[in-house]
Amino acid sequence: MAKDFQDIQQLSSEENDHPFHQGEGPGTRRLNPRRGNPFLKGPPPAQPLAQRLCSMVCFSLLALSFNILLLVVICVTGSQSEGHGGAQLQAELRSLKEAFSNFSSSTLTEVQAISTHGGSVGDKITSLGAKLEKQQQDLKADHDALLFHLKHFPVDLRFVACQMELLHSNGSQRTCCPVNWVEHQGSCYWFSHSGKAWAEAEKYCQLENAHLVVINSWEEQKFIVQHTNPFNTWIGLTDSDGSWKWVDGTDYRHNYKNWAVTQPDNWHGHELGGSEDCVEVQPDGRWNDDFCLQVYRWVCEKRRNATGEVA
């Protein structure tokens, strides 16, 4: 170690006695590379070795002292935390746990209450919806009944007026159609809801002081179809004796006609025996001659007059 220290002192003496560090030498001028030549730049001259070693030792001692001080502070702080702050922290933690537990319980209770309330509201809505639907159905039924009465009100009013007049005349005058008969342009019509052969239908009408309907105009034709569609219906036209005739004697040749295309054809292909001598109105209103034993609905007609007899 002593030898190394002497070597270091010798190196320092040599550096101080170097001729290039003594200002200007004999016959020469001291050149400073960093000053004399601006184009030459290099690192600054190195510090003495002893100074560098001293700086390193001081830095190490300072770092060691700081670490020891930091360790002491940590130990003291930890000890205080374990003694006082730790207990307070534990208390605060327990308080937070309790508050969270209470919050969870209250929230769960509120959710259950909302769910129960929502279920009851849903039941009420369902019940109200059912009641509303029933009320709508009742209103629709009342509306339909009202429309029905309004539709038949004029007929009912005429019937009441007719009955009043009949009572005032002590039965001597009858100016309205019988019950279940429909009045149209001075005639009374009865529409069947079952079927008969043509001859049986005509006989039924005669028992009512009427006959199978005789169609005299397009207006009457339209009225008949409105009440018979979609059924095939017998009318009072036949050619059983070889020529077409209306049952009330109306002239066939000059009266209204509404035959379907190619009709009458007296077709025999029905394989029922006999010819087609009776007329039925089809659902589209066109006339067709048919086998008289076919079973169709029918319409009776009679004129309305003061005595109620068939005109």
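Glycine too: its Cβ is placed from the backbone N, Cα and C atoms.
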Which residue in the list Cys278, Cys292, Cys300 does Swiss-Prot annotate as forming a disulfide bond with Cys205? Cys300
Among 5-8, 165-168, 181-184, Swiss-Prot lists motif 'Endocytosis signal' at 5-8
If you draw a 10 Å sphere on the Cβ of Asn102 (N-linked glycosylation site), how many other Cβ atoms land inside? 10
Under a three-state reduction of DSSP output, how is Asn102 (N-linked glycosylation site) classified: helix, strand, or coil? helix
In the predicted model, what is the mean pLDDT computed over the motif 'Endocytosis signal' (5-8)? 46
